[in-house]
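Participant: Sharing a structure with you now.
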Amino acid sequence: MHPLRIERLVYRWPGAARNTLEIGALSLASGESLFLFGPSGCGKSTLLSAIAGVVEVPKGAIRVADQDVGAVHGGARDRFRVDHIGMIFQVFNLIPWLSATENVLLPCTYSRHRRVRAGDNPEGTARRLLSELDLSDPSLASKPANELSVGQQQRVAAARALIGKPDLILADEPTSALDEAAKAAFVDLLTRECAEAGTALLFVSHDRSLERQFDRSVDFRDLNRSAA
Amino acid sequence: MLGFSLRSLWNRRFVASLTVLAISLSVALILGVERLRDGARDSFANSASGIDLIVAPRGNSVQILMATVFGVGSTGTGMTWESFEWLEDRPEVAWAIPIQMGDNHRGYPVIGTDGSYFEHFRHSGGQPLSLAAGAFFTGDGADAAVVGAEVAARFGYAPGDVIVNAHGSGEVSFDVHDDAPFTISGVLAPTGAAVDRMVFVTLEGFDIIHAQADAPLSDPLDPAAMPADDHDGHDAHGDHEVTEAGHGHEPDQINAVYVGLIDRTNVLGLQRAVNERPSDALSAVLPAVALAELWGIAGTAERAMRLMAWAVALAGMIGMVVMLSATLDTRRREFAILRSVGATPTRIFALIVTEAAVLTAAGLILGLILLTVATFVTDPILSARFGMRLGFDVFGARELGTLFVIFCAGLLASLIPAIRVYRMTLADGLSVRL
């Protein structure tokens, strides 16, 4: 089973003059972490949207957990996404008025699959994940998310992406709002947790200082022929 | 989903509570107007039952009805006792009750009448008057008084108490007949009708107080103020056993007559006969017709009030749509996050509708609480002033219907922001950019 396998993906934004993505092949094994780097605006986020099934992709081009993303439609795609993919964004990852723990548990409310895999006690799992991500203080876990620092918010987002052991985590520049020390610590925690859970990690960034912490790194410009 | 909506609303509790308040006010207003209307109609309809015809000096039928049955306002100048006897002797008439008006007891109307009143008067769909304590006008003379339940309750009256009446119908009176006191012979059981607020005295007693007034009363609008100087029957009131046949004391002038017929189908014939009686300018009023006429007049005001109430409801709904719509832009990020964790656009659509449902339902509940509190506060005042009760009864089918309509309007209104959100989430996808 491949958490992610891309073959001959061509994507063009509706109305765009030329293709945004032209990717020959890209695949990830379970537990593998991939660092994908490239300058802003080269299509990295579009690739993540395509994998997450937010944009319409041709059939057969993208498989997540051996399922063709292009063949799933509408609400089923939203459910498919939460079942198999955890996502971490650059900033503003959390519902501001929910507590850290409640934010972590969100995928379990929308996905039975994730809930089942989160164990008998999802809340306990959420707390364990938070404490492994250095958020063990109970007062932090019950605080509304908007009272947490940016670094803390990103770690809560990581815990949310990890809960219920999805096959794949897509991280879209999650460290861009963090300082140098926090960046390294965050990536360290994230890669370690992913490896433990057997979750593949696709980490997109323009900051190559993080490159060494991943199993593999790829220059997006080499991968995407349309960008050349 | 519900829990999530509640948390989301709690996060915006200030604006949300204002919205709920606006909706609840409109609910209370709409139901309140309806109840006021129903209460007024019921109390009016209950106050006069079994009276086929009210005969009074010529005047407006609504005015005659208001004055005689509800003790509000007055009739025209007095009608003669001859006219009363003529009426009583008509073959189609089963009974006739003489009515004198124009005095008040501490703001409550005083009715001069005889024992036949208690025998024939019906209220609330045919129930006779009954006593809570004491007796009706007994043989003990002209100074007997029977007080309505509310008058007794308000002033703590019991049989044997002595009361003094005043001239006129206002609550403040300078012309107090303190030289002609009455002794309470009985207290009526509560009826929920206008009689609760009335004081009944004998025709003879009613005349005495005016006969003893030193100067002739000069209120031309008040027939009861006419000096009654011919009281030749007064010295014989020891044998005034009040019976239906003989009215003991015979005043010169009375203000109205309640008439009951043997056969109701004769009512129009009698009405014509009364109207055409040459010696006295009289009007014969059909209570039901006068009541309908009254509602015709009140109808415009009712419609205006109802329109206002629904306008407030509309404003409340618009307020809710504004509140839900205004927050949409700042919540875009929230919706994108929800989608990234698996919420479908339909779920997010449902989230908005659920929030609206919660707001509307909270508005309905708060509105009902407001209405109950308002009823609780105003009921004693309304019943004391106007003899009408709003009642705390469980909601009728029509009220439930109204609540349902408001609830549906809330849901319908929420479709405006919900559809916007649906489109927005589809267009935004997972991008969290703002």
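If you go along the chain as it appears here, the first residue is 1 and each next one adds 1.
Here the Cβ of each residue, glycine as well, is placed from N, Cα and C on the backbone.
Pulled the feature table from TrEMBL, pasting it below:
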TRANSMEM  B:14-33  transmembrane segment
DOMAIN    B:18-207  domain 'MacB-like periplasmic core'
COMPBIAS  B:218-227  compositional bias 'Low complexity'
REGION    B:218-248  region 'Disordered'
COMPBIAS  B:228-248  compositional bias 'Basic and acidic residues'
TRANSMEM  B:281-301  transmembrane segment
DOMAIN    B:307-425  domain 'ABC3 transporter permease C-terminal'
TRANSMEM  B:307-328  transmembrane segment
TRANSMEM  B:348-377  transmembrane segment
TRANSMEM  B:397-416  transmembrane segment
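Neighbours and distances for these, please.
Facilitator: Sequence-remote contacts of a segment are chain residues at least 6 beyond its ends whose Cβ falls under 8 Å from one of its Cβ atoms, and for the transmembrane segment (B:14-33) they are 302, 305-306, 308-310, 312-317, 319-320, 323, 327, 359-360, 362-371, 374-375, 399, 402-403, 406, 410.
Residues 23, 26-27, 30-31, 34, 313, 317-318, 320-321, 324-325, 352-353, 355-357, 359-361, 363-364 of the same chain, all 6+ positions outside the transmembrane segment (B:397-416), place their C-beta atoms under 8 angstroms from a C-beta of that stretch.
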Participant: For the transmembrane segment (B:348-377), give me same-chain residues lying six or more residues beyond its boundaries with a C-beta closer than 8 angstroms to one of its C-beta atoms, as numbers and ranges.
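Facilitator: That would be 1-2, 4-6, 8-9, 16, 19-28, 31-32, 35, 316, 320, 324, 335, 338-339, 390-392, 395, 403, 406-407, 409-411, 413-415, 417-419, 421-422, 425.
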Participant: With helix taken as DSSP H, G or I, strand as E or B and everything else coil, how many residues of the domain 'ABC3 transporter permease C-terminal' (B:307-425) land in each class?
Facilitator: 104 helix, 0 strand, 15 coil
Participant: Which whole-number mean pLDDT does the model give the domain 'ABC3 transporter permease C-terminal' (B:307-425)?
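Facilitator: The answer is 83, the mean pLDDT of the model over that range.
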